[in-house]
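Student: Have a look at the structure that comes next, please.
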Amino acid sequence: MPVQPCSLPAGFLPAAVSLPSQQTVIAEDETGKATIYHDAPLPIPEPHMVLVKTIAVSINPCDWKMPSRFPAPGARIGCDFAGIVLSIGPEAARIRRDLRIGDRVCGGIHGSNPIDLPSGSFSQYVAAHADLLLKLPNKLSFAQGAVLGGSVFATLWIALYESLGLEGTPDMPLQDDPPPVLVYGGSTSTGTAALQILRLSGYRPIATCSPHNNDLVRAAGAEKVFDYRSETCAADIKSYTNGRLRHVLDIITDLQSQLICYDTFSRVGGKYTCLEQPAEELHLRRTVRKEMIVGLAASGKEIALADGYERTANPQLRARSGEFFQTIQRLVDEGKFVPHPTRTVEGGFEGILKCLDILKSGGTSGEKLVVFVDRENP
């Protein structure tokens with residue numbers, strides 16, 4: 001990778017420390033394979049961004065899926081991070097007057113980005129959107145902050161409100177006769193976050209998971225939990241909801257999940273929102289409206305992927321997402337939102353590569369993998 005001197009753009013508040021000219025990152029090689037580089041330049045933040053020193057990162061399925069499906073040689077990998085603010089852009093200072101150099105923050109960015117190669121959280125330094133950052137209260141660790149990240153909340157804003165069209169929010173929850181909402185994949189980090197937001201928004205969240213994760217999912221807010229491996233899973237959900245189920249969020253999105261989710265609807269149908277490309281051959285019910293969402297689109301920037309994952313730039317979506325992050329900040333500050341359980345993996349950047357292999361093999365359940373890239377600030 002080429003080396004270039006590090007210098008912040010004009011108008012940025014001075015960095016809290018002297019910045020190196022190079023950093024260690026994990027980026028895609030010529031074949032898309034995740035590879036450690038020790039000579040990568042620091043990212044150059046835009047005026048609405050802040051520069052963050054990365055302390056810890058969490059690993060998501062998309063961190064191995066995107067390089068595999070959409071190789072982008074040179075693109076840095078990783079989405080979620082927690083760290084310390086080093087410098088603040090002039091526009092960022094205007095829109096986030098609460099941010100200060102030295103603040104502990106967490107957020108998410110578009111890793112494996114073919115049109116913005118330096119964007120990736122598996123780096124010692126990250127340029128992040130100021131309005132999509134959360135400040136970490138003292139009671140939360142950097143590991144918990146990395147699990148909070150930002151990609152989960154970006155995904156859930158689009159899934160629950162832009163796609164499913166839910167009206168109740170944590171700021172204005174439903175008051176009367178709350179309807180059920182199914183979260184398929186309730187023990188994932190996105191699942192437990194969705195359940196908490198739904199409960200705080202006045203809905204009746206129900207979920208699927210493995211039985212050994214029932215307590216975790218109930219604690220997140222599910223009023224009823226169903227075993228997705230049961231042959232009667234869909235029928236049990238339909239019976240429990242008395243045919244009232246109209247909203248389904250499928251976090252897993254495979255053939256099994258799609259079949260079960262579709263069968264939970266009554267003849268009236270409803271809206272099925274998923275996070276991966278669904279199988280068209282299973283979309284046999286006209287009364288069920290399906291939509292795949294891409295959480296990365298919350299940035300408002302173009303998503304230059306393919307096969308249905310591409311999105312045009314949408315500044316209005318970015319503005320609405322930023323408002324939702326303000327709501328999440330309040331919930332975190334008030335202790336009303338609990339981060340997903342963490343599992344710390346040692347080894348720094350080598351540990352991140354190990355975590356990618358763990359996720360590929362399906363070696364996690366009910367926990368989020370976290371790696372510290374800076375052990376001086378645990």
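Keep in mind that glycine also has a Cβ here, set from the backbone N, Cα and C atoms.
Remember, it's a predicted structure, so these values are computed and weren't measured experimentally.
This is the feature table in Swiss-Prot:
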type: BINDING; residues: 62-65, 187-190, 210-213, Tyr228, 275-276, 364-365; note: NADP(+) binding site
type: BINDING; residues: Ser151, Val152, Phe153, Ala154, Thr155, Leu156, Trp157, Ile158, Gly295, Leu296, Ala297, Ala298, Ser299; note: substrate binding site
Student: Where the distance is taken from Cα to Cα, which of the binding-site residues Lys65, Ser189, Pro211, Tyr228 turns out closest to Trp157 (substrate binding site)?
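Tutor: Nearest listed residue in space: Ser189.
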Student: When the Cα-Cα distance from Ser299 (substrate binding site) is computed for each of the binding-site residues Cys62, Lys65, Ser189, Pro211, Tyr228, which gives the smallest value?
Tutor: Cys62
Student: Counting only residues 6+ apart in the same chain, whose Cβ is under 8 Å from the Cβ of Phe153 (substrate binding site)?
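Tutor: Listed in sequence order: Gly108, Leu134, Ala193, Phe324, Phe325, Ile328.
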Student: Let me spell it out: for each of the binding-site residues (Ser299, Thr364), count the other Cβ atoms within 10 Å of that residue's Cβ, using every protein chain shown. Which one has the most?
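Tutor: Per the Cβ count within 10 Å, the most buried is Ser299.
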Student: Let's check the environment of Thr155 (substrate binding site): how many other CB atoms sit within 10 Å of its CB?
Tutor: 25
Student: Do me a favour and check the Cα-Cα span between Pro211 (NADP(+) binding site) and Thr155 (substrate binding site); whole Å is fine.
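Tutor: Pair distance, Cα basis, whole Å: 26 Å.
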Student: Tally every other Cβ atom lying within 10 Å of the Cβ atom of Pro211 (NADP(+) binding site).
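Tutor: For Pro211 (NADP(+) binding site), the count of other Cβ atoms within 10 Å is 12.
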Student: Write out the long-range same-chain contacts of Lys65 (NADP(+) binding site), meaning residues 6 or more apart in sequence whose Cβ is under 8 Å from its Cβ.
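Tutor: Sequence-distant Cβ neighbours: none.
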Student: Run through Cys62, Ser189, Tyr228, Thr364 for me and report the binding-site residues whose CA is within 10 Å of the CA of Thr155 (substrate binding site), in sequence order.
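Tutor: So the list is empty; none.
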Student: Rank aside, I only need the closest one: which of the binding-site residues Cys62, Ser189, Tyr228, Thr364 has its C-alpha nearest to that of Ala297 (substrate binding site)?
Tutor: Cys62
Student: In Å, rounded, how far does the Cα of Tyr228 (NADP(+) binding site) sit from the Cα of Gly295 (substrate binding site)?
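Tutor: Here the two Cα atoms are 25 Å apart.
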Student: So, three-state DSSP: helix, strand or coil for Ser189 (NADP(+) binding site)?
Tutor: helix
